[in-house]
Amino acid sequence: MAASPHCLSSRLLTGWVGGCVWYLERRAMRESHHKFMHLFRNVNKQWITFQHFTFLKRMYATQLNRSLNQQVKPKPEPMVSPFLEKTSSGQAKAEIYEMKPFSPSSLSLSRKPNEKELIELESASVIEGSIDVGKETKEEKQWKEMKLHADDLPGILARLSKIKLTALVVSTTSAGFALAPGPFDWSCFLLTFLGTGLASCAANSINQFFEVPFDSNMNRTKNRPLVRGQISPLLAVSFATCCAVPGVALLTWGVNPLTGALGVFNIFLYTCCYTPLKRISIANTWVGAVVGAIPPVMGWTAATGSLDAGAFLLGGILYSWQFPHFNALSWGLREDYSRGGYCMMSVTHPALCRRVALRHCLALIGLCTAAPLLDVTTWAFPAVSLPINLYISYLGFRFYADADRKSSRKLFFCSLWHLPLLLLLMLTCKQPPGGESDKGEPQS
């Protein structure tokens with residue numbers, strides 16, 4: 001069995017010398033662990049000093065070669081409002097902000113930079129770049145006055161007057177004038193055409209003037225001229241006045257007082273009843289349908305000077321057509337109407353919205369059947385109009401059953417061509433001028 005070094009030394013050396021050797025060996029065995037840990041700590045400190053030396057060497061190398069500087073990219077800028085002018089995104093991305101260069105005198109290799117100083121150096125470079133970015137974004141986001149150019153004024157006024165809606169109003173008025181019995185008077189027709197168009201432009205302009213705070217919240221209407229500030233409210237009201245006064249004057253003194261009274265009533269109904277009612281009750285849809293039904297009645301009264309059964313029939317067709325048209329349109333804009341604060345059937349009563357659209361699609365079949373009974377058209381009209389009326393009724397049923405955007409879009413686009421085609425069929429099947437009188441006379 002092997003003997004330990006301690007036992008071997010005690011056997012070989014005895015007496016005072018042996019005791020001294022034994023004491024020294026025991027002390028060396030106890031302090032060996034502490035000396036090893038102390039040596040490891042010294043080596044670790046020397047390793048940290050070497051790391052600092054490497055960092056200073058790299059900083060000195062980047063000072064000699066500027067292309068090695070650390071580059072900091074700015075944070076992505078927030079979304080710019082559509083009302084503010086935007087700069088090109090490529091130019092913003094191309095800007096690179098460099099770190100603040102260090103002077104060689106400040107990089108003393110004999111001094112060890114601590115952790116706090118390193119953080120301050122990095123934060124100083126980032127702050128400097130963010131200050132530059134903040135200055136540029138603040139300049140970009142400043143409100144700038146939009147200047148009105150004479151070349152842009154016709155287009156702005158056309159959008160203010162809702163030129164497409166005005167064209168629809170004038171076309172239905174012209175259809176009512178053409179379907180009325182009696183000879184076609186071109187001078188009276190042109191006065192009716194112009195007066196109705198001016199009245200429609202006035203009503204639409206006043207409507208946009210009242211709805212500026214609410215149109216700014218809707219994606220569908222946020223680019224209107226008054227919302228974007230392209231024209232002043234005073235100019236909009238002045239334009240509406242300049243359209244309303246001559247328009248009503250043409251209808252009253254150029255055509256007849258009954259047509260002028262209907263024009264004044266329609267402007268009042270649209271601006272003072274329908275517009276504020278949109279934020280109060282879903283009854284605004286029925287009021288708006290009455291507004292859309294009056295133009296063909298105005299065309300009929302302009303030609304005949306009286307309110308006959310045929311005038312109410314044309315008004316009824318336009319009244320019923322508007323429900324599938326508008327209800328299908330509003331179904332896809334429910335979020336927009338809700339954001340704008342409008343009280344629409346599609347938002348508050350979705351089931352009623354679909355039912356009403358289907359009912360009035362079916363009502364169009366009955367109204368077209370009543371046209372020959374009232375001597376407005378011949379009996380061929382109910383037959384030739386039945387296919388398109390059945391088709392829009394089918395789409396109205398699909399909209400009622402499916403209640404999705406796809407079916408509502410199909411119904412809306414069908415309504416766009418359904419009305420012009422229906423009015424064209426009525427004109428082709430119009431009752432001949434002597435048909436009514438011949439029917440009442442006995443045969444000789």
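First residue shown is number 1, and so on along the chain.
Note: Cβ is positioned from N, Cα and C throughout, glycine not excepted.
Quantities reported herein were computed from a predicted structural model and do not represent experimental measurements.
As written in TrEMBL, here are the features:
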TRANSMEM  190-210  transmembrane segment
TRANSMEM  231-252  transmembrane segment
TRANSMEM  258-277  transmembrane segment
TRANSMEM  284-303  transmembrane segment
TRANSMEM  309-331  transmembrane segment
TRANSMEM  352-373  transmembrane segment
TRANSMEM  379-399  transmembrane segment
#### Entry: Chain residues in Cβ proximity to the transmembrane segment (352-373) (below 8 Å; excluding those fewer than six residues from its ends, i.e. six or more beyond)
282, 285, 313, 316-317, 319-324, 327-328, 330-331, 344-346, 379, 381-382, 385-386, 389-390, 392-393, 395-397, 399-400, 403, 411, 422, 426, 431
### Message
Quick check for me: are there 3+ Cβ pairs below 8 Å between the transmembrane segment (190-210) and the transmembrane segment (284-303), leaving out pairs under 6 residues apart?
### Response
yes
#### Entry: Same-chain residues at least 6 beyond the ends of the transmembrane segment (231-252) whose Cβ lies under 8 Å from its Cβ atoms
148, 156-157, 160-161, 191-192, 194-199, 201-203, 205-206, 208-209, 212, 225, 259-264, 267, 298, 302
